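Peer 1: Have a look at the structure that comes next, please.
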Amino acid sequence: MTATLIDGKAFAAGIREKVAAHVAPLKSDHGLTPGLAVVLVGEDPASQVYVRNKGEQTREAGMASFEHRLSADTSEADLLALIDRLNADPSVHGILVQLPLPDHIGEAKVINAIDPAKDVDGFHISNVGLLATGQKSMVPCTPLGCLLMLRDALGSLSGLNAVVVGRSNIVGKPMAQLLLADSCTVTIAHSRTRDLLEVCRGADILVAAVGRPQMIPGDWVKPGATVIDVGINRVPAPEKGEGKTRLVGDVDFASAVEVAGAITPVPGGVGPMTIACLLANTVTACCRANGLPEPEGLTA
Ligand SMILES: NC(=O)C1=CN([C@@H]2O[C@H](COP(=O)(O)OP(=O)(O)OC[C@H]3O[C@@H](n4cnc5c(N)ncnc54)[C@H](OP(=O)(O)O)[C@@H]3O)[C@@H](O)[C@H]2O)C=CC1
Ligand SMILES: Nc1nc(=O)c2c([nH]1)NC[C@@H]1CN(c3ccc(C(=O)N[C@@H](CCC(=O)O)C(=O)O)cc3)C=[N+]21
């Protein structure tokens, strides 16, 4: 059996169209342009690519993009001062501070300085608490993208066994909350989990968010399961030429595709959905800030 491919790239393009369709009347009828500020501290080349892609897609959807590139030695106080200015700026509806931050800057302090209403990453403690208690919040983009693809592939998720491998604040934990809210029976696995193979084999839905290239082989996958591969790992690709690299996920795609019922590829799976959901969250934040109806079907 060969799994159905879940085409995140096409799905994301559809979301961006819906976002653009919601943005146009905000402008023409209300004179509002949703604005997204992205803050990048340091020169990490991978982060620079994401920041550029986000900017391009934000403008394509008719929204305003504000990019703040700060040097790696920027002080925590200067970063907090920038966040204060963005919080107070009425043209900015969403604020994203690219993670990870340099070691001398307190990540939690910075995230919790963002106005929760503008926290389009959904990382502020207030949004985390709202999500955990089933209240309206800003939902983290990567898990939201995974959830939208899962609902599209499976319809109702109710009663399914979901295993999330990884317990980070940005992917694993919020993913588990969303699956729980959709009535899955959720297991969160991590580096101390015993017998990960058996845990994974019990999953109707397997979400891999580990950051270890191709660590989950096909024989860890239950036949017919839906596999969502969040991992983005750059590995050497000598077959493409000396010094070349390619992206692979946390799942060994070649073996897993033979066992799974449906699977996301890397690239072209979760990654494009993350950016599309970021745009969706920015429009949602703009609508909430102005007491206007928010787009439907683009949040949890
Ligand atoms: N597609 C997208 O849009 C995005 C992709 N990513 C990618 O997703 C991956 C995960 O990201 P992130 O959550 O930030 O990563 P973190 O490094 O913050 O978390 C990784 C998690 O994996 C667990 N882990 C590590 N090794 C093992 C192991 N051998 N067995 C089981 N669990 C293990 C860790 O466990 P423990 O807690 O015990 O250490 C930890 O909980 C990365 O590849 C990242 O690049 C991230 C964000 C967005
Ligand atoms: N505050 C914050 N929020 C984030 O959401 C956040 C972050 N920090 N730090 C880094 C991670 C990683 N991340 C990705 C987004 C898109 C792709 C993406 O579009 N990937 C393409 C490939 C891109 C390429 O070719 O390099 C794909 O998978 O098809 C990947 C990774 C968001 N993150």
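Backbone N, Cα and C atoms are what each Cβ position is placed from, and that goes for glycine too.
Automatic, uncurated: that is what TrEMBL annotation is.
Got these off TrEMBL a minute ago, pasting:
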- 6-121: domain 'Tetrahydrofolate dehydrogenase/cyclohydrolase catalytic' (DOMAIN)
- 140-288: domain 'Tetrahydrofolate dehydrogenase/cyclohydrolase NAD(P)-binding' (DOMAIN)
- Gly166, Arg167, Ser168, Ile232: NADP(+) binding site (BINDING)
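Quick one: where do these features end up spatially?
Peer 2: In this structure, Ile232 (NADP(+) binding site) belongs to neither helix nor strand by DSSP; it is coil.
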Peer 1: Which one of these binding-site residues has the most other Cβ atoms within 10 Å of its own Cβ: Gly166, Arg167, Ile232?
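Peer 2: By the 10 Å Cβ neighbour count, Gly166 comes out on top.
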Peer 1: Counting only residues 6+ apart in the same chain, whose Cβ is under 8 Å from the Cβ of Ser168 (NADP(+) binding site)?
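Peer 2: Looking at Cβ-Cβ distances below 8 Å from Ser168 (NADP(+) binding site), excluding near sequence neighbours, one finds Ala209.
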Peer 1: When DSSP states are grouped into helix, strand and coil, how many residues of the domain 'Tetrahydrofolate dehydrogenase/cyclohydrolase catalytic' (6-121) land in each?
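Peer 2: Its residues divide into 60 helix, 18 strand, 38 coil.
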Peer 1: Let me know the DSSP-derived helix, strand or coil state of Gly166 (NADP(+) binding site), please.
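Peer 2: For Gly166 (NADP(+) binding site) - judged by DSSP and reduced to three states - the answer is coil.
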Peer 1: With NADP(+) as the bound species and Gly166, Arg167, Ser168, Ile232 as its recorded binding residues, calculate the greatest Cα-Cα distance and give it in Å as a whole number.
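Peer 2: Maximum Cα-Cα distance: 16 Å.
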Peer 1: Average the pLDDT scores across the domain 'Tetrahydrofolate dehydrogenase/cyclohydrolase catalytic' (6-121) and report the rounded value.
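Peer 2: Averaging the confidence scores along the domain 'Tetrahydrofolate dehydrogenase/cyclohydrolase catalytic' (6-121) gives 95.
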Peer 1: How many helix, strand and coil residues does the domain 'Tetrahydrofolate dehydrogenase/cyclohydrolase NAD(P)-binding' (140-288) contain under DSSP?
Peer 2: 59 helix, 30 strand, 60 coil
